[in-house]
Every structure is written in structure tokens, then in C-alpha cells.
Amino acid sequence: MDKKIFMDYLPEELMEFGIQPKFRTKQLYQWVYRKYVDDFEEMKNIPKDLKAKLKKEFIINPLELINHEIATDGTEKFLFKMHDNHTVETVLIKMKDEEIKDGKIKEAKYTVCVSTQVGCKVGCAFCLTAKGGFVRNLSAGEIVAQVWWMKKFKNFDENKALNVVYMGMGEPLDNYDALVKAIKILANPDGMNISPRRQTVSTSGIAPKIKRLGNENLGVNLAISLHAVDDELREQLIPLNKAYNIESVIDAIREFPIDKRKKVMFEYLVIKDVNDDIESAKKLVKLLNGIPSKVNLIYFNPYPGTNFKRPDDATMKKFQDYLINKGIMCTIRKSKGMDISAACGQLREKEINK
């Protein structure tokens, strides 16, 4: 692609391209990220010569929306095409409806599940994304644009709050530089102004980069795709564990700066007759000792060709009750978007006519 992607850049970087004075970058950010304008010609307070320069050098929005599906539970999945015809999927989940309380409208709460790569290198045994292999990293702008589309599409300035989770296609920490820049762009007060406290990075456990992310002091939340409590099983489920075993991941988490009001989220995908027994729950309690933790139990979502099976509700409840009785906050994630393949582990690149 000959032109640069506007959404790839922080305001100070735009100034290096000759976009001066400083207030111009603020105006541009507000047009793009507050008014959702993706055509420089529509920016009324930008000088004509600057518009011409920008049109020649930049495209604003790098994603083309080519498909939109809505599940029976209201979960929405978006398929985007990029300049090279590769595609990524983004999922929007409504967590809480608007409500009227004391005569005031309380905002609805949504979570957008953002992709960071086309495909994935990690190769988790239970995840459909990795079946097609790794294709490429997304740029910061291609990550940011997924959130931009959600805010534009759903008019999020009207009684709607949006949280961002980097839990879509790909391993976020394997695309580290673009991830960090995207976090900063989303948080910029002249733009979408999504605080890092409302952004969660989910990782399968690249221990050195967990430490590096902590040293950035961005204030983001951390989620760990744990899924097993011993290395032998975790290596079968998550091959990355051969490079970074459970102990190294836990050590990195202990060094990660956690807001006193927050906890580290541990995602535990429960697979029938694999990791759903009480002995696994006991080991999990021991493993998380001393870490401010919240465990999110996730039903395995079957897909064509897998031998893994979904656990029953009684087993999930028994596992949850054991953790709670041991003082660990634990929730069971309600699988959303299963009928449109938008649930955990079901996202993948789609073939399109090229």
C-alpha cells in the first residue's frame, strides 16, 4: 500500500510529517475519533492545502466492513477486509442494557473483542484461529480501526460505555509494538479517550513480554489464558508452554503492576474429561496463592473436526464452587455468539473472493 494509515500514528508522530501547528493534530484526531469522519474533505476547519497533502499521503480508515452477523443473544460479529485482501473478525458483546434509575438513563455496557493478528503462531489445540496458521501482524491502525468501527456503528456517545479486550484473533504480545501503540492511541484524550483501565490485554503467556508490558506502566488490565495447572497438559493445549512454562508465567505476573482495585484475570477453558476435575481446581488454588486473582471459567465451544467436548453445567458449577469456597473470585463466562461462530476460540480468517 502506497499511502500511510492515519490511524497508525500518535499526534506527536503526525507532527513529524509536517502537520503543524500542534492544534491541527488535535483537530484531526477529533474529526476522526470523535466525529468518525474518514474523508479529509469533510473536515471543515482544516485548510485546503493541508487537506490536499493529507489526501495524497494518508488513508484514514484501513478496514472495509464486508459482513455483519447478529447472534440470537445479541452478540455481533464483524468481518473486515484490509488492503491486501486478508480479513479479520471483531466481536461486540452487550454486557448490560440501558436502564432508568432515579429518573436518569444509566449507560449500557459493551465489550469489543479485538484482533491483533491474521491467524496466530501459538497454535492452541482448542482454538480455530490457529488452524489456518499465522499470516501477518496487524498494524496499530488496523487494531484501532476495529474499535473505531464499533463506536461509529453503534453511536457509543449516546449512553453506551465500551471496554476493549485484546482477545480476538492472534496473540497480542506477539505483536507487541503495534499493541502498545494501539493502547495509547485509543487512550488519547483528544481521540476516543478509552482509558487503559478499560482495556484488557489477554495473553497465552509470553513471560518476558508480560514483564515488558508491566514496565510500560500503561495501566492496562491483564488476562492470562491459563487453561491448565500442570506443564504436561498445558504443553498439549498451548505449545507455547514449552518455551514459557507455568512457573515463568506466574513469576512474570507477580511482577506486573496491578491497580489495587483490580485483579489479574485467569481464563480457564474447561474441557470435558481433560481439565474439569476437582484435583485441577485444587492445583489452581495453590498456583494462584498470593496473586489478586479472578478466575473466568469458559465452556469449550466445539467446532468441526475437534475431539474436545463441552463440559456439562453441573461440572462447571462444582469447579466454580470449589474455587469460591477457597476465597478465589470465580465466574462462569456465558458463551455468547455461538450460533455465528463468535464465541471464544471460534474466530478465524475468512476466505473471500479476491
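Note: Cβ is positioned from N, Cα and C throughout, glycine not excepted.
Look at Swiss-Prot and you will find E89 tagged as active site, proton acceptor. Under the DSSP three-state reduction, E89 (active site, proton acceptor) is assigned to strand.
Taken from Swiss-Prot, the feature active site, S-methylcysteine intermediate covers C344, and the record attributes it to sequence analysis.
Sequence annotations record features per position, and here Swiss-Prot assigns [4Fe-4S] cluster binding site to C120, C124, C127 based on sequence analysis. According to DSSP, C120 ([4Fe-4S] cluster binding site) is assigned to coil rather than to any helix or strand. Over all protein chains present, the Cβ of C120 ([4Fe-4S] cluster binding site) has 26 other Cβ atoms lying within 10 Å.
The S-adenosyl-L-methionine binding site annotation in Swiss-Prot covers G170, E171, S202, S225, L226, H227, N301. Same-chain residues at least 6 positions away in sequence with a Cβ under 8 Å from that of G170 (S-adenosyl-L-methionine binding site) are, in sequence order, S115, T116, Q117, V118, G119, C120, T129, N137, L138.
For C113 (disulfide bond), other Cβ atoms within 10 Å of its Cβ number 26. Sequence annotations record features per position, and here Swiss-Prot assigns disulfide bond to C113-C344 based on sequence analysis.
The domain 'Radical SAM core' annotation in Swiss-Prot covers 106-339, and the record cites sequence analysis as its basis. Looking at the domain 'Radical SAM core' (106-339) alone, the prediction's average pLDDT is 93.
Across the structure, H227 (S-adenosyl-L-methionine binding site) and C124 ([4Fe-4S] cluster binding site) place their CA atoms 10 angstrom apart.
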